[in-house]
Every structure is written in structure tokens, then in C-alpha cells.
Amino acid sequence: MISIRQRKGVKTTEVSEDYAAREANVKLENKLPSGCASRRLWKLLSFTVGGTVALCIGLLTSVYLATLHENDLWFSNIKEVEREISFRTECGLYYSYYKQMLQAPTLMQGFHGLIYDNKTESMRTINLLQRMNIYQEVFLSILYRVLPIQKYLEPVYFYIYTLFGLQAIYVTALYVTSWLLSGTWLSGLLAAFWYVTNRIDTTRVEFTIPLRENWALPFFAIQIAAITYFLRPNLQPLSERLTLLAIFISTFLFSLTWQFNQFMMLMQALVLFTLDSLDMLPAVKATWLYGIQMTGLLLVCILQFFNSMILGSLLISFNLSVLIARKLQKNLKTGSFLNRLGKLLLHLFAVLCLTLFLNSIIKKILNLKSDEHIFKFLKAKFGFGATRDFDANLYLCEEAFGLLPFNTFGRLSDTLLFYAYIFVLCITVIAALAVAFHNLSDSKSQQSTGQTGKCTIILKPETAYNLIHTILFGFLALSTMRMKYLWTSHMCVFASFGLCSPEIWELLLKSIHLYKPKRICIMRYSVPILILLYLCYKFWPGMMDELSELREFYDPDTVELMNWINSNTPRKAVFAGSMQLLAGVKLCTGRTLTNHPHYEDNSLRERTKAVYQIYAKRSPEDVHALLRSFGTDYVILEDSICYERRHQRGCRLRDLLDVANGHMMDGPGENDPDLKLAGHPRFCEEIKRNLPPYTAYFTRVFQNKTFHVYKLSRNKFPDCLHPSCELTNQAAPQCPLIPELPPVSSVLVPNCPVRVPLLIVRNQGTSY
């Protein structure tokens with residue numbers, strides 16, 4: 001399909017004020033002249049230098065990634081159709097709506113086309129703003145229309161430069177978070193260097209530009225930075241309000257730009273719940289954050305025309321359950337250690353049961369099934385029984401949804417990131433366990449008598465938040481490789497913070513009886529500087545070589561296919577095929593699709609499984625009936641799927657279809673005993689032999705080394721057949737006026753050696 005070739009020619013309980021004074025003893029500022037003016041001048045100078053470095057490193061990262069994208073594809077020199085093909089799979093689908101908005105005569109017509117779309121799914125009108133997270137494409141298209149830049153910047157460049165600009169914001173937010181945690185901007189610089197040198201594992205923006213996560217993660221990083229600052233003790237009221245506003249805006253934008261927002265924020269809610277339960281976070285601040293999450297998500301729900309998947313999310317149910325359980329369970333944080341531990345377990349059980357109860361009630365009321373494929377996938381992934389469900393197996397067999405490969409840790413270790421991360425993680429986990437044990441052992445009666453000074457370990461709320469955050473997202477990344485980008489970027493922040501943190505070095509030096517304030521100052525600055533020098537020495541030459549390597553986009557077969565479709569098919573023609581390819585068909589040709597890669601809809605998943613029968617062992621009559629039930633005019637078969645070798649046996653698409661249909665899989669190997677031999681050969685293979693049973697229904701109109709396009713005959717078979725495994729006399733959903741179908745008889749159709757069912761249907765005055 002697509003390839004790259006060388007270019008030719010060219011608290012502890014609630015952190016007390018005493019701790020703040022104690023922290024100041026180990027800061028570098030105290031070593032400066034004692035005058036207040038000198039200290040303010042130093043802070044201003046440090047802030048100016050650190051802020052300038054943050055902006056510069058963010059811009060440089062953005063330029064670096066944009067240059068890699070240009071060098072990989074020679075994007076500035078290839079044709080428009082090649083640029084669009086480079087937006088692979090769902091990326092092309094999302095970009096097509098940006099293109100659609102720009103091509104609309106007016107903005108209102110563009111909005112109308114998105115709200116009443118009948119080209120993304122044939123024979124259906126759907127609201128794209130409700131179904132998909134594409135407000136960013138709408139916003140960019142409006143900006144491009146309004147700003148006077150049309151003469152100087154092509155639409156595609158405005159789009160991709162916006163995404164690369166967001167990467168500058170992303171890196172700057174990571175830098176600021178590390179700076180806030182450690183107290184020195186040197187930590188932020190190290191985090192940014194680690195992000196860039198581990199680019200393979202921290203981002204994939206340069207080759208999946210329109211992907212939703214590339215829009216969302218910069219806002220997620222801003223939110224984490226704002227939460228880190230918000231959790232600091234003794235904030236001024238104005239600073240606290242402004243920080244809450246920043247948290248709300250970033251949470252809202254994150255939720256608006258990614259369909260998986262609810263699952264990421266559920267992880268955040270679990271972090272807040274853990275810290276609140278262990279008295280490591282002020283309860284009032286946790287309540288504020290719960291409220292912001294729900295408010296932001298509900299606002300997105302309104303903008304997405306009351307998307308039921310948002311209303312039925314676990315996040316809404318969990319946050320409501322936490323707030324209700326907290327009101328019902330009073331005196332949760334009093335009593336002895338065992339007493340409090342028992343109350344905590346009871347509280348956890350109550351929240352869990354209430355969450356499941358509320359979620360099931362909401363889903364029943366809304367009749368919500370859009371996210372059930374995710375839970376089927378999770379159930380099968382974690383060993384709660386094997387499944388033959390096609391959708392669940394489709395996810396299980398994709399590498400992106402598998403376990404994190406072990407070689408990831410080798411790459412992270414080459415930059416010393418993994419070693420530093422484990423070092424900091426071990427120290428902070430030990431500190432967190434000690435603080436949690438102390439908090440659970442301290443009842444309010446003990447605190448009132450002044451017996452709370454026994455715990456000498458300090459763990460600030462913002463540090464505790466980022467610790468639990470990195471642990472939970474680490475488990476998520478280990479279980480699902482696609483989510484590693486959420487973990488590895490925060491890994492850079494957490495490791496750099498720890499190496500520059502006075503608290504971390506104090507704990508370590510005290511544990512080995514080498515504690516001195518001067519040694520803390522030396523360690524927190526010398527270790528990061530040495531690592532920065534090592535990274536520059538080892539990776540700078542490789543980065544320069546990477547920037548000088550010139551390649552070119554090369555996919556002549558797909559280009560030929562798109563050009564043929566544009567030149568030889570009607571504008572209203574309906575195409576069927578693989579989800580990934582059809583996204584490109586919509587972007588490059590504007591033709592109507594039967595299915596597409598945005599898989600978060602139950603009816604679309606059923607439709608996709610029906611269309612994919614072109615790669616199963618089905619008769620030509622069955623396949624024709626299924627495709628025509630969706631109004632298909634042309635079907636595209638791909639050799640790369642029909643003869644797939646990328647996956648092992650059992651995970652090839654044809655194997656998943658065979659098992660779902662109850663048929664035995666091809667090739668040597670075991671089959672489940674209840675699977676049977678199929679009664680027909682594989683459709684995608686047999687159709688190429690041009691046998692009469694196939695030519696009666698399908699006519700080949702285009703082929704090259706990769707693709708085969710067949711035109712479907714129209715009147716060989718009635719459109720209003722139910723798209724099931726066998727031909728039946730049931731009415732299809734698109735024929736609601738048929739109360740009852742007559743018995744099916746068969747006749748011999750001329751020029752067709754097989755007997756075809758004959759059906760007389762009166763539907764709105766039409767006879768077949």
C-alpha cells in the first residue's frame with residue numbers, strides 16, 4: 001500500500017504551613033544575599049530565563065517534528081491526491097470534514113452538511129457533530145475562511161501547522177509541570193530533552209497528524225500543569241480562581257477533541273479518589289476537580305447534541321457516586337488505623353456498587369450500546385473467557401491494542417529515562433506509603449492533642465497527585481500499547497522532577513546518612529546537567545542525520561485507484577470496502593461510503609461486519625444481497641487483506657470472519673470442534689476467476705497490483721432483502737412499509753446458471 005522511498009535527485013493530611021517553611025531551607029534562593037530586593041530580582045531573572053527557554057524549546061520541537069514530516073514525504077512537492085492519501089485510515093476521514101467545510105459555498109451550508117450528512121454512511125443521514133469529535137476541523141475551517149491567509153498558505157498547510165503548533169504547547173506544558181514540581185526550570189529542560197530524544201515512544205504526530213489524540217494531549221498536559229499548581233497549599237484566592245478557570249478550559253477542550261476523553265478522565269478521578277481517601281489531598285480541592293470534570297463533559301455533551309455515549313460514561317457515574325457516598329458516610333477520617341481502614345474499604349465498596357448501579361440505570365434509560373464493544377474487548381483481553389465476537393477480536397488482534405512491547409524499555413533506557421524514572425518512582429512510592437500509613441494512623445483526636453509530628457517524611461499534594469497519575473497511566477500503557485503516549489510523556493516529567501527535587505535528594509541522603517544541605521544543592525543541579533550533556537553527546541549527531549535524510553511518498557497503486565474513481569464513477573456512487581481504504585476514498589473523491597473507521601457506533605459495527613463478508617466464505621448471491629442492502633454500487637477488494645500475512649493464523653481478518661460465521665479457518669492448525677467447513681469458497685479469491693455465478697452479479701471495472709474494483713449489477717436481486725447470513729424472506733430495515741413478505745420461490749435467470757430466489761415486493765408502488 002503506502003511506502004517510503006529515497007528521494008531521487010533532491011499533608012501530609014493537608015500540607016501544613018510548617019512544611020512550607022521547611023522546604024525553603026533547601027532551596028537555592030536562601031543561599032543568595034538575604035535582602036528581599038535581591039531575592040525578588042533573582043526570582044524574576046529565573047522566571048524570565050526559564051520562561052524564555054520553555055518557549056524556545058517548544059518552538060524548536062514543533063519545527064523539528066514538522067521538518068521530519070516534510071523530509072519523510074517530501075510533502076511540499078507531491079500532488080494534492082498524494083498529500084491526502086498520506087492521511088491514512090481515520091486521519092483521512094477527519095481531514096475530509098475540514099476539506100468539506102472549506103468547499104461549502106457558505107459556512108451555514110457547511111454546518112448543514114455536517115449535521116445532515118448522507119455521504120459518510122450510505123442510505124443513512126447522521127449528525128457528524130454528534131457522532132464524531134470534529135469541532136476542531138470546524139473551527140480551523142472558519143479561521144481559514146476569516147483570516148487573510150488564503151493567498152499565502154494552502155489549506156492543508158494551515159491544518160498541519162496548527163497541529164505542529166499544538167506540539168509546541170504540549171512540550172511547553174510538560175516543561176512547566178516539571179518546573180512546578182521541582183522548583184527549578186532545569187527540570188523542565190531535561191523533561192523536554194527526554195521527550196524529543198524518546199520521540200518514537202512519546203509521540204506519533206509526524207505521521208498521524210489529524211489523529212484525535214494529537215489534538216487532545218496538549219490540552220491534557222495543560223490541565224495536568226494547572227492541577228499541579230492548584231494543589232499547592234496557601235494559594236491566594238485570585239490565583240486559585242484563575243487556576244480553576246485554566247483547569248476548566250483545558251478539561252473542556254480535551255473532552256471536545258477526543259472520543260476517549262471519558263476513559264482518561266476516569267483515570268484522573270481514580271487518582272483524586274485515592275488521594276482523598278488517604279488524606280493526601282484537601283477534600284475541598286478534590287470536590288472542585290470532580291465538579292469541573294463533570295461540568296466540562298456535560299458541556300461537550302450539549303455541543304455534541306446530547307451524545308448518549310457521554311451521558312452513559314463511567315466517569316459521570318463514578319463522580320456522582322463519590323460525592324453521594326461521601327455525604328452518606330460521615331466521620332470517614334476518624335478512629336484508629338484498623339477502624340479507618342475498615343471504613344475506607346466500606347467506602348470503596350459503596351462507591352463501586354453505586355457506580356455500577358447508576359451506570360446500568362443510565363444505559364437502560366438511554367438504550368445505550370455504543371460502547372459495549374470496549375467492554376467486550378476488555379473482558380476478553382484480561383482473560384474473562386474467550387470470545388468469538390468479531391468486534392472484540394478485531395481489537396485484540398491489532399498490535400496497538402496489545403501489551404506494551406518489551407523493547408520499549410530498551411529504547412527508554414538508552415536515554416537513561418527509564419532508569420531515572422524507576423529511581424524516582426521507588427523513592428516517592430516509599431514516601432507515599434509512609435505518609436498514607438501515618439495519615440490513617442492519625443485520628444482527629446490525636447491531631448487535636450498535637451501528636452501529628454511523628455511523620456518526618458513530606459509528600460506534597462501536587463507530588464502525590466503526579467505519583468498516582470503516573471502509576472495508573474503506567475498500568476494502562478502496559479496493558480494497551482496505544483495508550484503509551486499518555487505515560488511516556490508524563491514519565492519525562494516525573495523523572496526530571498525527581499532528579500531536580502530537593503525533597504527526593506533529602507530522603508535519599510538521609511537514608512544513607514549523608515545528608516547536608518549543600519549536598520542536596522549539588523546533586524539536584526549536577527545530575528540533570530550531566531544527563532543533558534550525555535543526551536547531547538549521544539543523540540545530537542543522530543538527530544542531525546535524521547534531519548538530513550530525504551525521502552519521498554510513494555504509493556502509485558492507491559493514487560491510480562483514486563484517480564480512476566474520480567474520472568470514471570458518478571459523484572453519487574456508493575463504495576464498499578475496508579474501513580481504512582474508504583476513509584481515503586471519501587477524502588480524495590468525495591464518494592459515498594458504506595462504512596468507515598470511526599467505530600464508536602453499534603449499527604456501524606454491524607454494517608462493517610456485513611460488508612467484510614467480501615473476505616469471508618460466502619456465496620456471490622449472499623455478498624451481493626448484503627452489499628446492495630446498503631446501496632453499494634462498487635466494491636473494492638484488496639489483495640493485502642485477502643491474502644494477508646501480517647498477522648498470524650487466527651488474527652487475520654479472514655480468520656476472524658470465518659470464526660464469527662462458524663466456519664473453519666484456512667491453513668494448517670487447530671480449529672474449535674464446533675466449527676464447520678464452509679459451503680462456499682472464499683469470495684475475494686473466487687471472484688477473480690470470473691466464473692458465471694460471480695460475473696452475473698459483479699463486473700470487474702478496474703484492477704492493479706493491489707486493488708480490484710467490481711461494479712454490482714442492480715436488478716439481479718431485490719434490494720429489500722434482510723442482510724443476514726442466508727437469503728430469507730424478512731424485510732430489511734430500509735423497507736419498513738412491508739408488513740409481510742410472500743414465500744420465496746426460485747427461477748432460472750437468463751445468463752445465470754444458478755437458481756435465484758424470486759420475490760415480489762410492493763413497496764411504495766415499486767415492484768421487483
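Just so it is clear, glycine is given a Cβ too, placed from its N, Cα and C backbone atoms.
The transmembrane segment annotation in TrEMBL covers 44-66 (among others).
Per TrEMBL, transmembrane segment is recorded for 168-195 (among others).
Sequence annotations record features per position, and here TrEMBL assigns transmembrane segment to 215-232 (among others). With a threshold of 8 Å between CB atoms, the same-chain residues lying at least 6 positions outside the transmembrane segment (215-232) that come near it are 136, 163, 166-167, 169-170, 173-174, 176-177, 180-181, 240, 243-244, 246-247, 250-251, 253-254, 257-258, 261, 264, 281-282, 285, 289, 460-462, 465-466, 469, 485-486, 489-490.
Positions annotated as transmembrane segment by TrEMBL: 244-275 (among others).
What TrEMBL lists as transmembrane segment is 295-323 (among others).
Sequence annotations record features per position, and here TrEMBL assigns transmembrane segment to 344-362 (among others).
The transmembrane segment annotation in TrEMBL covers 416-437 (among others).
Sequence annotations record features per position, and here TrEMBL assigns transmembrane segment to 464-481 (among others). If one looks beyond the transmembrane segment (464-481) by at least 6 residues along the same chain, the residues whose Cβ comes under 8 Å of a Cβ in the stretch are 177, 181, 224, 227-228, 231, 267-268, 270-272, 274-275, 280-281, 381-382, 399-405, 425, 428-429, 432, 435, 487-488, 490-491, 493-494, 497.
If you look up TrEMBL, you'll see 487-509 (among others) marked as transmembrane segment.
The transmembrane segment annotation in TrEMBL covers 521-540 (among others).
Within its own chain, the transmembrane segment (521-540) is flanked in space by residues 26, 28, 31, 182, 184, 186-187, 189-190, 193-194, 197, 414-416, 420, 496, 499-502, 505, 509, which lie at least six positions past its ends and keep a Cβ under 8 Å from the stretch. Long-range contacts of the transmembrane segment (244-275) within the same chain, counting only residues at least 6 positions beyond its ends with a Cβ under 8 Å from a Cβ of the stretch, are 132-133, 135-136, 212-213, 215-216, 219-220, 222-223, 226-227, 230, 281, 286, 288-290, 292-293, 295-297, 299-300, 303, 310, 313-316, 318-319, 322, 351, 461, 464-465, 468-469, 472-473, 476, 486, 600. At the 8 Å Cβ threshold, with sequence separation of at least 6, the transmembrane segment (487-509) lacks contact with the transmembrane segment (295-323), having fewer than 3 such pairs. Long-range contacts of the transmembrane segment (168-195) within the same chain: residues 27-28, 46, 49-51, 53-55, 57-59, 61-62, 202-203, 217-218, 221-222, 224-225, 228-229, 232, 415, 417, 462-463, 466, 489-493, 495-502, 524-525, 528-529, 531-532, 535, each at least 6 residues beyond the stretch ends and with a Cβ under 8 Å from a Cβ of the stretch. Residues 127, 129-131, 133, 135, 248, 251-252, 254-256, 261-263, 265-266, 269-270, 273, 287, 350-352, 354-356, 358-359, 362-363, 366, 368, 370-371, 600 of the same chain lie 6 or more positions beyond the ends of the transmembrane segment (295-323) yet place their CB under 8 Å from a CB of it.
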